[in-house]
Amino acid sequence: MQESDTIQPLTWHEHIYRGENRLRVALVGQHNSGKSTIFHAVASTSYRTGKLTGTHKPYAECPVQIGADEVHLVDLPDLQSLRDLQGDDLEALKYLLWGDARPLISRHERSEPPAPFSRPDVLVYVIDASSLQQSLELALELPELGLPVVIALNMMDEAHRKGVEIDKDLLSEKLGVPVIPTVALKGHGLTELFQQILKTGRKPVCPLPQPASPHIQAWAKKLHEAIDQPEINEAFAMPGSMLTMNLLEKDAYFLSEFESHFPETLPAIRALHSEADKTLPRPLTDEVHADRHHRSVVLFEDVARLVHKPKISWEDRLDMLFLHPSWGLIGSLSVFAAVLFMVFEVSTALDAMSAARLADMVSGWQPDTATGVIGRAVVDGLIGLIGIVVPYMLPLVLMLVALEESGIMHRIAFVVDRFFHAIGLHGKVAVPFLLGLGCNVPAIAATKGLSSGRDRVVSSLLITFVPCSARSAIVLALGAKYLGVMGVFLLFTLSLLVIAILGRLLSHRYPEISPGMIQEIPAYGWPKMQPLLSSTWSRTRDILTIVTPLLVGGSVILALLQFAGADQIINTALAPVTVWALGLPAVLGVPILFGVLRKELSLVMIYQALGTFEVGQVLDSIQITTFLVFLLFYIPCVSTFAVMLKVIGRKEAFFSIALSIGVALIVALITRFFLTGMHGLT
Ligand SMILES: Nc1nc2c(ncn2[C@@H]2O[C@H](COP(=O)(O)OP(=O)(O)OP(=O)(O)O)[C@@H](O)[C@H]2O)c(=O)[nH]1
Ligand SMILES: [Mg+2]
């Protein structure tokens, strides 16, 4: 995600909703209209659930960040109507009316208020656009609650498929509320929806209740006059027009409360009911129902029309691939395959043409003076740099930027969001994780685009466990030869497992839950050359300045150590790890240490240290597995460390080193003892 996408222009004279000041927004609507889908599309990784007092159906609640503002979003159980409700539905209505307070008429019911939080500031009425007609009756009723309403005209894709065309502007004008079309399942329209919610919250205007037909209005007016008394208004603490309509429709709950609290007024109401029943062509309740139904049908006919053969655009077709709840995974997997192809075909070829060729050219230079050794080490460091930048960083960052510019990346992030939620992260980290398969350096750099500091740290820490192409190369070279396809597969599965477990553990270390976010789904577009190149350059430029000195410096130090004959010392110093813990020959100490420069160096050095290309003659399969497991997880290379210093700071970068060494040791030890145990059994 580009920074420009997350930063909203701020106007400071406007009220900012944050912390305790958050706007409370409730999602209401009929069963299966998409309330929970909207909620989960923007929810944070962890949200609160509970039950409204005396109900069985759960609500969910969490803060959501919208630019500089935050709202408290509440996903409520379904609500079919405001009239004649019973059981859970009635309790939901009580929450909408009274929030965390009990008015006089409801004090006797239970000690706890309807909900532990206040009544909403803004109502979002989620409508299934593909069956608009059924939703319009409630749309006519909702304004009676006296709350600002925004309509989310959801399932527009379904409506389109069924050939239902809706004039949303006319609908908005007729109902007096803003109407935003959405496809919650694909994240379309959610940004606009939440911007509108904020706008409505800032200038709250409650829509006027839709007037009933004149013959009903006349009775409503009479009834209103009978009950319009200050003590009644105070006791019910609800808009007078709603109480009037509820009593007119003989709503059981409100009538019974009226009976127990204002028995002296009840006879007047009853008299009015029977008079109306006699005068009107049908009983009053039926007449009011029929009138509302009629008005909703007229409204539907005004705003909607059926078209035959709806046109499906190529964007819709692409969205089926990228945003469909199950097909969408195929789209993401194909991008995953493209990244792998990039790494194993393009990057390897580029590497062979650039860094590998340069390394070949200098391989004959074997200096025997300290200055020569330093010179050679500097050259090695620079070649290492070219080996990271040319084959991996530039193509991968270029690909990342192209994915962002085309709008594909936002879709992948949207689809895989719920998987990442399981390890406490947001879907936006998906693409950095993918890039990590090529090289951890651009992957960690890409986490800079995440707006939450906590997510940046946690995903950077986890990305170091994604096997980059250098590590995969060693696993493939040694594993495929000595452990077989199954062995290699298990090693990669182990990486996935370690990342998942660590993700959960790290959630405890960084318990702060970042608020939910709206994932913007921009329109598709061809990436343009100029922004593509400049964006790629601006992302690689500052990494270069920080990676270069560390890579060259590290290379010089290690070369000097080797020149001074410190190999022996290094091997002895590392013996507790190599020999005691991992059960490997001491000579593997140097390759392990040098691996921090660039992991593929390890492979060459393993051959040198063991004195043979036939590793299987020196190490048994348990040793090879243990060694590979250790190599997979231990310290990220020095370039990764450098980029971490820049992205997550020194403290976390050092923590990452400690974490990777710790994890590598623990997992390698477990592997070793597990395999030895298995071996003993057979
Ligand atoms: N095609 C399509 N399906 C959607 C859309 N939004 C939600 N759905 C699907 O509609 C179904 C119901 O969605 P939910 O979000 O569970 O509906 P709800 O309003 O929370 O339902 P209740 O909690 O039972 O009231 C799910 O299968 C969603 O995947 C949409 O925009 N388009
Ligand atoms: Mg739901």
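Glycine too: its Cβ is placed from the backbone N, Cα and C atoms.
Going by TrEMBL, these are the annotated features:
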- Gly29, Gln30, His31, Asn32, Ser33, Gly34, Lys35, Ser36, Asn154, Met155, Met156, Asp157: GTP binding site (BINDING)
- Ala41: Mg(2+) binding site (BINDING)
- 22-203: domain 'FeoB-type G' (DOMAIN)
- 321-344: transmembrane segment (TRANSMEM)
- 382-403: transmembrane segment (TRANSMEM)
- 457-479: transmembrane segment (TRANSMEM)
- 485-507: transmembrane segment (TRANSMEM)
- 543-565: transmembrane segment (TRANSMEM)
- 577-597: transmembrane segment (TRANSMEM)
- 627-648: transmembrane segment (TRANSMEM)
- 654-675: transmembrane segment (TRANSMEM)
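When Cβ distances are compared across the two stretches, the transmembrane segment (577-597) makes contact with the transmembrane segment (654-675), since 3 or more pairs at least 6 residues apart fall below 8 angstroms.
Among the binding-site residues listed (Gly29, His31, Ser33, Lys35, Ala41), Lys35 have a CB atom closer than 6 Å to some atom of ligand 2, in sequence order. Less than 8 angstroms from the CB of Gly29 (GTP binding site) sit Lys35, Asp78, Leu79, Tyr125, Val126, Ile127, Asp128, Ser135, Leu138, each of them six or more residues away in the same chain. The binding-site residues considered are His31, Lys35; of these, His31 has the fewest other C-beta atoms within 10 angstroms of its C-beta. Within the set of binding-site residues His31, Ser33, Ala41, His31, Ser33 have a CB atom less than 6 Å from some atom of ligand 1. Rounded to a whole value, the Cα-Cα separation of Met156 (GTP binding site) and Ala41 (Mg(2+) binding site) is 16 Å.
Counted over residue pairs separated by six or more positions, the transmembrane segment (457-479) shares fewer than 3 Cβ pairs under 8 angstroms with the transmembrane segment (543-565), which leaves the two as not touching. The maximum pairwise C-alpha distance among Gly29, Gln30, His31, Asn32, Ser33, Gly34, Lys35, Ser36, Asn154, Met155, Met156, Asp157, the residues recorded as binding GTP, is 18 Å. The recorded stretches the transmembrane segment (543-565) and the transmembrane segment (654-675) do not share 3+ CB pairs below 8 A when only pairs 6 or more apart in sequence are counted, and are therefore not in contact.
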